[in-house]
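Colleague: One structure, as structure tokens, below. Some questions next.
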């Protein structure tokens with residue numbers, strides 16, 4: 001295996017991106033859960049592909065490629081859509097248009113985010129067939145790749161919508177920051193009165209994560225459009241002409257790929273693991289993450305090493321006063 005770093009990076013990213021799942025699952029944060037789902041799925045696919053097609057471009061499991069190439073297409077919409085949903089929610093929470101968020105608002109938000117993060121990507125996965133000139137491609141070391149008939153139609157269907165979503169995300173993020181700056185002194189009180197589980201720290205962390213992922217994704221989307229246009233667009237002649245050789249499977253050994261295109265292939269491949277690492281940096285070391293790590297440590301201490309947890313001793317208890325029981329409210333990100 002000439003590139004052992006590929007499966008290692010992919011599987012490590014897949015593990016890290018799952019760590020924040022518990023507290024987001026409890027909060028039913030559909031958009032953040034969607035980011036974790038899509039990043040985990042793509043990393044697993046990348047890792048498997050990098051093992052199966054290490055040093056070769058042989059046709060091995062065609063059905064696997066049929067499925068995974070569609071998932072690749074869906075993720076290109078789902079990830080910017082999820083980031084947009086997060087910034088849209090943050091802008092609404094920080095604004096003065098709504099004073100409180102009730103149960104119906106949360107339900108409508110969950111439905112909207114589910115449609116944006118899963119329903120719309122499924123539609124574009126189907127629309128991919130319009131510009132799918134052949135079945136798929138297999139590239140040495142990276143495996144299955146979606147086949148695209150590079151034309152104006154493919155730009156409009158596959159490449160432009162993610163860039164548009166990133167632009168909308170930028171607008172929402174800018175508005176959310178403006179709301180925060182305007183009322184930064186009383187912002188914590190505003191979040192409490194809006195019935196949101198967000199704190200100022202969590203709000204700013206979500207904004208920072210969304211903007212970082214948005215800038216990162218926008219760069220790759222814009223560069224992808226530039227690369228396709230610079231290589232030359234093919235004329236859209238007719239449906240039958242575009243799909244005339246649809247059953248073909250392209251095979252690209254590394255020796256036949258120009259060095260510049262090879263570098264571009266690896267650049268786009270590493271975009272997903274790096275995006276996963278960025279996501280983990282924002283959520284894996286936050287307050288919720290530290291709480292989960294302490295719970296895991298206590299579980300291992302008690303269940304594995306059979307060491308009892310020492311009860312905390314309060315100063316008031318040592319003076320003979322009655323035990324004090326406090327209600328613990330689990331606050332998670334909205």
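All residue numbers here begin at 1 and follow the chain in the order shown.
Each residue, glycine too, has its Cβ placed from N, Cα and C.
Residues annotated as transmembrane segment in TrEMBL: 6-25, 37-59, 111-131, 151-181, 202-226, 267-285.
Give me the local environment of each listed feature.
Modeller: Beyond the transmembrane segment (37-59), the same-chain residues lying 6 or more positions past its ends with a Cβ under 8 Å from any Cβ of the stretch are 1-3, 6-7, 10-11, 13-14, 17-18, 68, 71-72, 74-75, 78-79, 82, 117, 138-144, 249, 251-254, 269, 272-273, 275-276, 279.
Sequence-distant contacts of the transmembrane segment (151-181), counting only residues of its own chain at least 6 positions beyond either end whose CB sits under 8 Å from a CB of the stretch, comprise 73, 76-77, 79-81, 83-84, 87-88, 90-91, 94-95, 124, 127-128, 130-131, 187, 203-204, 207, 210-211, 214, 217-218, 221-222, 224-225, 228-229, 233-236.
Distant neighbours of the transmembrane segment (202-226): 35, 76, 79-80, 83, 86-87, 90, 93-94, 155, 159-160, 162-163, 166-167, 169-170, 173, 176-177, 180, 187, 191, 268, 271, 274-275, 278-279, 282-283, 286-287, 333; these residues of the same chain sit at least 6 beyond its ends, with a Cβ under 8 Å from one of its Cβ atoms.
Listed by sequence, the residues of this chain that lie at least six past the ends of the transmembrane segment (267-285) yet keep a Cβ under 8 A from its Cβ atoms are 6, 9-10, 12-14, 16-17, 19-20, 24, 32, 35-36, 39-40, 42-43, 46, 79, 142, 205, 208-209, 212-213, 216-217, 220, 224.
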Colleague: Could you tell me what the rest of the chain brings near the transmembrane segment (111-131), counting residues at least six beyond its ends with Cβ under 8 Å?
Modeller: 30-31, 34, 38, 70-71, 73-75, 77-78, 81-82, 84-85, 146, 148-149, 151, 153-154, 157-158, 161, 242
